[in-house]
Amino acid sequence: MTLVVYNTLTRRKEVFQPFGGSESISADEAAGGEKPLVRMYVCGVTVYDLCHLGHARTYVVWDMVRRYLECRGYRVKYVQNFTDVDDKILKRALERGESMQAVAERFIAEYFQDMDRLNIKRADLYPRATRSLRAMFELIQSLELKGFAYRVRDPLAPQGETPAYDVYYAVRKFPDYGQLSGRKLEELEAGASGRVGEEGAGKRDPFDFALWKAAPPSEPGFESPWGWGRPGWHIECSAMVRETLGDHIDIHAGGADLIFPHHENELAQSEPITGKPLAKYWLHNGFVNVNGQKMSKSLGNFTTLRQALALYHPMALRLFLLQTHYRSPIDLTEAAMEAASHGWETLQKGIHCAQQFGQGGSPDSEAMRAFQTAMDDDFGTPGALALAFELAKELIREHNLLTHQGHTHLQPHLLRQKGAALLEILATLGFCWPQPAQGSEKAAANGELAKLPPLEDARIEELVAQRTAARKAKNFAEADRIREQLKALGITLIDQKDGTTRWLRQ
């Protein structure tokens, strides 16, 4: 099977083949040598406030993509930045009478607290804009030398002092501008291309955007080849990509709101310098709407992730965010979240049944093929989760049969395989759940048998066979002893009418 992904740049699905790797990797190939490397960059948050549900969707989606690539045998170098210098951070700092650094540090800590609850794996690197200034200077100077950027003296700087300059990117110098977003210059709204103020009087073209903006000496900023100032938003990511992953990466990802202007400008800044495509695959996730309207503070429907986590289980929220294909918009409603909460309860019951049936053996091969088929089609989580629900419900039915009627339709080894498939699918999608206490832990809590190691499935089967032999020999004292030993270790035995015995982990 071959993994295909939708590339925003080409507007079509393409076979996924990173620069250093094959398009399909078998388990034997992955185990036998160096795994192909995928270089992946995700645009991170601007750290001036708590994360909202749009952020949650973005980082759950790319966490899922990373996990699935690793499942398929790739090594993923995952980099996600923090924008820790920005006019919004400056405004928040002035409001609170704090430094920009203090504001940034606090909200970086809040970010990790929220994302940890969603079970999002940490990135390999978290570069920060303030720590990548030298790389920004090098890029801007290279763009100046190649004629793609120009400087304009800041008219507000006092005469006689060291001059300060704004530096702008000359959009019309790059003939492919608009290739990512599909927009043409004549269709674009002037001034819509950056977050550092774009109204500079010296701009040669209304479409040009800031690479560096001069700042008054009284404002936070940095010394640069162009005097005191702050970087433009877009140059920050271009510099951090190059500094951490090189000139040419496999995946550049983010929310659909970043396609234009942010990613369009990143591409335009980077490619004239390197002569190479910045990224082979550009991937973007859809918006979060609230009751059919785009989520925004102005509409009063803005929900922070912290508020949502106060109402719903983190894994129910993760389920809600993955039940819709990542490129489609998702509508947050109370009914949708209640459905996700009930769905997570069903999956938890399935997980519990899988744990009780035992986890020995390999996952059901048919289920895993179906999972890979769904996910190989541009990370099709709706199909993958539908399969997980089928497995969970089947395990619940079989568990109810065994509990109430003493038998199951499926043989024990098949139940264990289906349980293993459910757990592997959910783990690959990034879900987490409490692990069952091992026998020695339960015994220790009871003050009994504390030194016994956790029992493997094979050892349980061995003890069950010994008990069966004792019962046949009418050695009921020994049979009872084995039953009590297993009970203390969290194993329940169910004697069936045909003389066999089934077991469940508590």
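Quick reminder: no glycine exception, Cβ is built from N, Cα and C everywhere.
Around the Cβ of CYS43 (Zn(2+) binding site), the same chain contributes GLN80, ASN81, CYS237, ALA253, GLY254, GLY255, LEU258, HIS262, HIS263, each under 8 angstroms and 6 or more positions distant in sequence. Sequence annotations record features per position, and here Swiss-Prot assigns Zn(2+) binding site to CYS43, CYS237, HIS262, GLU266.
Positions annotated as motif ''HIGH' region' by Swiss-Prot: 45-55. The helix, strand and coil residue counts that DSSP assigns across the motif ''HIGH' region' (45-55) are 3 helix, 2 strand, 6 coil.
Here Swiss-Prot flags 294-298 as motif ''KMSKS' region'. Predicted-model confidence for the motif ''KMSKS' region' (294-298) is 74, expressed as mean pLDDT.
Annotated ATP binding site per Swiss-Prot: LYS297, in sequence order.
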DSSP-derived structure type at CYS43 (Zn(2+) binding site), helix or strand or else coil:
coil
Against which stretches of its own chain does the motif ''HIGH' region' (45-55) lie, if we need a Cβ under 8 Å and a gap of at least six residues from its ends?
82-84, 86, 88-89, 91-92, 103-104, 107-108, 110-111, 114-115, 255, 257, 287-288, 295, 302-306, 308, 332
For the Zn(2+) site built from CYS43, CYS237, HIS262, GLU266, further residues of that chain with CB within 8 A of the site's CB center
TRP233, HIS234, GLU236, SER238, HIS252, GLY254, LEU258, HIS263, ASN265
HIS262 (Zn(2+) binding site) falls, by three-state DSSP, under helix
